[in-house]
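Undergrad: Pulled these features from TrEMBL for this protein:
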DOMAIN    1-97  domain 'RGS'
DOMAIN    112-162  domain 'Protein kinase'
BINDING   Lys150  ATP binding site
Amino acid sequence: EHLLKCILFLDSVANYEVSPDEKRKETGEEIIKRFFNSKSPDYVPEIPDAQMEECTLNFEKNPSKEVFCSCISLLHEFLRGSPFREYQENMYFDRFLQWRSLERQAVTKDTFRQYRVLGKGGFGEVCACQVRATGKMYACKKLEKKRIKKRKGESMALNEKQ
């Protein structure tokens, strides 16, 4: 659960950094109240109090995008340690590596299982298909070269591919 608080903090700071100027002060105050207050249920004890105070003072002086950078780097340093080692020993890390290796495989016609036709157009048809390895569903557009050449649609097909 304490790692979830770290993730919530990192997400909140990412949201703060992209928030418009008129909302940034309000968003920053919410972060300070929610994550830097020891009585708050989302308090992040992994960031030292001195660092929290420094971030708070810098925020009050100038609520810039970079105010929480030092807190983020300390939190990343913490997460690189024992939490990451625990994750590497966990079965979810093995699943993640399997998933990444599947994603890196080259895409061929055998990668997909074809299903029904979803629609037809001037140059071909669109079919529902499923990636065999992951089960993810996609729409696959099949173009017939003869039709494209007959109707002089080469540039359109190349533009669509890009």
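Placement of Cβ uses the backbone N, Cα and C atoms for every residue, glycine included.
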Undergrad: Reported in the order helix, strand, coil, what are the DSSP residue counts of the domain 'Protein kinase' (112-162)?
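TA: The counts are 14 helix, 24 strand, 13 coil.
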Undergrad: Suppose we draw a 10 Å sphere around the Cβ of Lys150 (ATP binding site). How many other Cβ atoms does it contain, all chains included?
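TA: Result for Lys150 (ATP binding site): 10 other Cβ atoms within 10 Å.
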Undergrad: Over the span of the domain 'RGS' (1-97), how high is the average pLDDT in this prediction?
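TA: PLDDT averaged over the stretch: 89.
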Undergrad: Would you mind splitting the domain 'RGS' (1-97) into helix, strand and coil residue counts from DSSP?
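TA: Secondary-structure composition of the domain 'RGS' (1-97): 72 helix, 0 strand, 25 coil.
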